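Database features (TrEMBL):
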ACT_SITE  H117  active site, pros-phosphohistidine intermediate
BINDING   K11, F59, R87, T93, R104, N114  ATP binding site
DOMAIN    3-140  domain 'Nucleoside diphosphate kinase-like'
Amino acid sequence: MATNRTFTMIKPDAFGAGNSGAILKMIEESGFKIVAMKATKLTPELAGKFYEVHKERPFYADLCAYMSSGPIFAAILEKDNAVEDFRKLIGATNPADAAEGTIRKIFAKSIEANAVHGSDSDENAAIEGNFFFNQAERVL
Ligand code: IDP
């Protein structure tokens, strides 16, 4: 069954640049309700686990180092058609390919340091939300 939730992270580049507030404003103004959120910092091991699906890719080691290089915000967002609409709002993985007005076009520094994460399916949204938030933290 399709859900109406997705999972996002504001990645270390955007958090470190002080862009979290502006990004969260865009998210809320696009109709997403923040139903769980926390600032945290991944260890390299946890980043590796989160991105395990990419472990054979050449950028995996760099990605794990980057994602554990500084604090992030992790959040669960709610909206009709959340996964697809959020992917549209953030834009393509590589900011060079991202549409004008998307979060990555505005805030991303590179294909790796691309400001935000957005789940790519309802199934992964649930898995990723559960990775960061226990039941008591996502009661909204
Ligand atoms: P997505 O985040 O747009 O879904 P994925 O292909 O799932 O893109 O890749 C996960 C993350 O890995 C990206 O958001 C980006 O930070 C990083 N990444 C993807 N492709 C590359 C690459 O070619 N070089 C370096 N980092 C990459």
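The chain as shown is numbered from 1 upward.
The backbone N, Cα and C atoms fix where each Cβ goes, and this holds for glycine too.
It should be emphasised that the depicted structure is a prediction, and the values quoted were computed from it without experimental measurement.
Annotated features, which come from TrEMBL, shown on the structure.
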| residue | record | Cβ neighbours (10 Å) |
| --- | --- | --- |
| K11 | ATP binding site | 25 |
| F59 | ATP binding site | 12 |
| R87 | ATP binding site | 16 |
| T93 | ATP binding site | 13 |
| R104 | ATP binding site | 24 |
| N114 | ATP binding site | 22 |
| H117 | active site, pros-phosphohistidine intermediate | 21 |
Exercise. What average pLDDT is reported by the model for the domain 'Nucleoside diphosphate kinase-like' (3-140)?
Worked result: 97
Problem set entry | Pairwise C-alpha maximum, in angstrom, for the residues (K11, F59, R87, T93, R104, N114) that bind ATP according to the record | 21
For this session: Give the residue counts of the domain 'Nucleoside diphosphate kinase-like' (3-140) per reduced DSSP state, in the order helix, strand, coil.
Result: 65 helix, 24 strand, 49 coil
Seminar exercise, completed: Taking K11, R87, T93, R104 as the binding-site residues, the residues having C-beta under 6 A from ligand 1 are T93
Exercise. If you measure K11 (ATP binding site) to H117 (active site, pros-phosphohistidine intermediate) at Cα, how many Å is it?
Worked result: 7
For this session: Sorry to bug you, but what's the C-alpha spacing from H117 (active site, pros-phosphohistidine intermediate) to R104 (ATP binding site), rounded to the closest Å?
Result: 10
Seminar exercise, completed: H117 (active site, pros-phosphohistidine intermediate) sits from R87 (ATP binding site) (Cα to Cα, rounded, in Å) at a distance of 9
